[in-house]
Each structure stands twice: as C-alpha cells, then as structure tokens.
Amino acid sequence: MGAIIDSMKGFGVTFSHMFKKVVTEEYPEQRKAVAPRYHGRHILNRHPDGLEKCVGCELCAWACPADAIYVEGADNTDQERYSPGERYASTYQINYARCIFCGLCIEACPTRSLTMSNEYELARDNRKDLIFTKEQLLAPLLPGMEQPPHPMRLGESEKDYYVGALDNPGMSVGAERVRSSQTDSERLRSEAARVEVAQANQYGEKK
Amino acid sequence: MGIEEKLPSGILLTSVEKLANWSRKASFWPATFGLACCAIEMMASGAARYDLGRFGMEVFRASPRQADLMIVAGRVSQKMAPVLRQIYDQMPEPKWVLSMGVCASSGGMFNNYAIVQGVDHIVPVDMYLPGCPPRPEMLIDAILRLHEKIMHEPLGDKRRKQLEARREREGAPVVEPGEMPSSYRFDKQRKAEWLKAAAEGREEQLRIQKWMEDRARIAGTVPRKNGGAR
C-alpha cells in the first residue's frame, strides 16, 4: 500500500509540471536578451563625425592571449585622415576561430575604440570566413557620420576629441567612464547607465 | 551513391531530394563527443531550457553507428585524435561534423604541441562554431545553419553537376546556405533586411545596428542621432 502511495506521490510531482510555466526558450524565433555585459562580437567604434577611434597602437593584439588579433598601423596625412591621431589601423583583423572572448583587448584599448557587442551568432562553414576584417568590424555610419577619410570636424587637435569623448562617447556608449563629479541622479540620467540598468532588470539581475 | 544515379533527372528527383534532405535534417542525431568545457554547454542545449528536442535531436547517441552528426565539443589532444577519427569512421553515411568552440575549430588559445590545431586536420568539418565556450544559443544557431546547408545538398552526382552548371550560369546566390544567422533567417522582416544588406556587403554593420536598436528598446529610449551627440 505504501509503495502505491509513494509512486502516486512521484507521479504527482511529474503531473504538477503540466501546470507550470514552460522554461524552454524559443530561440531562433525569439531571442532573449543576454546579460548586459555579455562578451560578444567586437565593434571598432567611430567618433561622432565618422572618424575611426582606432589609432593602430596594437595594444589589443599584444594583450590577446590567443593571438587572435592582427593590426597593421599606417600614418594619417592631412589629405587622407582616418582617425584624429597620428596613426590609424590600415589592416585590422580578428580571427574568431581563435578569439576566446575574454575581453582583455577591450581593457587594453586606450581610446575605447574596441568594444564588444552582445552579438553571438558567429558560426561559419569555413575558417576563412571566421577571420573578420576591418570592414566587417567597423561600426555602421550613423546619421551625422561621414565615411573617412575626411578632416577632423569635432576639434582642432586630437585632444579635443578625447576630452570631448567623456560627454560625447559616440559609438562606445556604455563603455565610457561616467564622470566622477556627477551625482548619482545625474549619472542615472545618462543614456549609458539607463540602458545598463534596464537591461540588467530585464535579465533579472540586482543592480 | 545508389539508385538515384540511374534515375532521369526531373521533378520527381528534386522532390525526392527535398524529402530526403528534410528527413535527414529533421532527425539529426548527434553523437556525444564532449571533450572539455564545451560539452557542458552542449548538455545545456539538450536540456529543458534550450531543448534540442524541438529540432528532433534530443537523442545524443552513445554509439556512433546510430549518429548523423559528430559535435566535437572541446579541445582535441594529439592522443585523442586517432580516437576521434575512429568514431568518425564508425558513423554511417551521410554524416556531418560540427566543430564546437575555438579549441576544436583552430586550437584556440592552446597554441602548443599537445593540442591538435583544428579538428579539420583529422576529419572534414561542416560547421565551425567559435566561442569559449559558445552559449547554447550559439550551438543551436550552428546546428540550424547546418540544417539549411543540408536542405541544399544535392542527391547524387548527376544532380550535383546539374546544380553546379546552374550556379555557373546564374552566379552564386547573395547569401550562401548557412551564412545567415538563425534569428534573422527565422524572421521574415529581418531576413529581407539581411538580404538587402548582404547585397551591399554591410550585413555585419546591420547586426551592430540591430543590436543598438535592441538595447535602446530595452531601455525605453530611442537611439540617439549623430552617434551619441547630445
């Protein structure tokens, strides 16, 4: 008799799941947002006038533990300017067959040129396609941006660009350090913080 | 391969081809070949939350003789290489290989003498999946891309030649089978956007744009104009 009751209890547990919410995610049709700081595909950011933030310093390549990044720098000239600094990256490649998405390159980047998106659908059927070139990694031209090469539009010197970036981060929204002089309420009002808090709430994270 | 070589080509054969390909992709049984941390994510994909059973592949076969797909999940050491090849040889045709994670794809961060620098040194690979380890969605995406490739596979040599001739005549498609991310392929509107972007060669920019829009939508704000100028 006890055995029957016990097995009924067992089946009861199974049966009660009929009335519980389904946990399955319908992935290809509905994509659930990932954690706000999920390490996904890289972006090479632009300044708000369209110039590239990358100055071709190769620090990302040096920081990479898997040797997945290849950079070749070249000099900017007044006739042909790609970035506000002295140099720019003429070749920039990330090999996604090697990249382990650790984010050390992001930490190494001195100009916040390289940041990560939350994009993760990266499978390909050959290894050659997994090497992303500069054209693929560069951020899209948003309204108001102009395809380089073109002269500097945001200021006279590169310093203007970098100092201005605190208020006007361009593409690397969210990656910029918020000014410490701001109060908490001011900080919350900034777009980057708002996005992050909202995304964290959606994901069920306590902030 | 078999009787399909002898048949005249025509509507009948293309329908049979479609049916055969559909049945192959709809019951795509993987062999368990978990070697490292990627295997944990592979198990997660099979479990309730991501549920590979939705695509007819909940049965991870312990025996290679009943498997169609080998998911090489993790780093392959030189010592494991002959074992991997043997498992592959024991699988019945038709068979596919999915190299899961960067270690299996190219050696990843283990660029040393102990690790095979890419499992394609040992077996032919049909899909490379980066990530360290890739999240279950990434694995599902890779599998769905493989499904699409299977749906475009020719049945027999005659049909293959026919398709190659057509390709030469009409040129390659803008987006090859298996190139479009699954979340775009399964959404009509996004698929159209992707096709348009791919024709202009800026599909990767489209992805970033979409990601930024998603972020803004989650935050309840609209994307700022002028790339963030206030």
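Cβ from N, Cα, C; glycine included.
Among the features that TrEMBL reports, domain '4Fe-4S ferredoxin-type' is placed at A:44-74, A:90-119. For A:C54, A:C57, A:C60, A:C109, the entry in TrEMBL reads [4Fe-4S] cluster 1 binding site. Taken from TrEMBL, the feature [4Fe-4S] cluster 2 binding site applies to A:C64, A:C99, A:C102, A:C105. TrEMBL lists A:165-207 with the feature region 'Disordered'. Taken from TrEMBL, the feature compositional bias 'Basic and acidic residues' covers A:176-194.
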Roughly how many Å lie between the Cα atoms of A:C60 ([4Fe-4S] cluster 1 binding site) and A:C105 ([4Fe-4S] cluster 2 binding site), rounded to a whole value?
4
Cα distance, A:C109 ([4Fe-4S] cluster 1 binding site) to A:C64 ([4Fe-4S] cluster 2 binding site), nearest Å?
11
Cβ under 8 Å to chain B, applied to binding-site residues A:C57, A:C60, A:C64, A:C99, A:C105:
A:C99
Around the [4Fe-4S] cluster 2 site recorded as A:C64, A:C99, A:C102, A:C105, what other same-chain residues have a C-beta within 8 angstroms of the site's C-beta center?
A:C60, A:A63, A:P65, A:A66, A:A68, A:I69, A:I94, A:I100, A:F101, A:G103, A:L104
Around the recorded [4Fe-4S] cluster 1 site, report the further residues of that chain (criterion: Cβ within 8 Å of the mean position of the Cβ atoms of A:C54, A:C57, A:C60, A:C109; site residues excluded), sequence-ordered.
A:V55, A:G56, A:E58, A:L59, A:V71, A:A89, A:C105, A:A108, A:P110, A:T111, A:S113, A:L114
Run through the Cβ atoms and count how many others sit within 10 Å of the one on A:C109 ([4Fe-4S] cluster 1 binding site).
23
When the Cα of A:C54 ([4Fe-4S] cluster 1 binding site) is compared with the Cα of each of the binding-site residues A:C99, A:C102, A:C105, which one is closest?
A:C105
Going by Cα-Cα distance, pick out whichever of the binding-site residues A:C99, A:C102, A:C105 is nearest to A:C57 ([4Fe-4S] cluster 1 binding site).
A:C105
A:C105 ([4Fe-4S] cluster 2 binding site): tally of other CB atoms within 10 A of its CB:
23
Helix, strand and coil totals (DSSP H, G, I; E, B; other) for the domain '4Fe-4S ferredoxin-type' (A:90-119):
5 helix, 9 strand, 16 coil
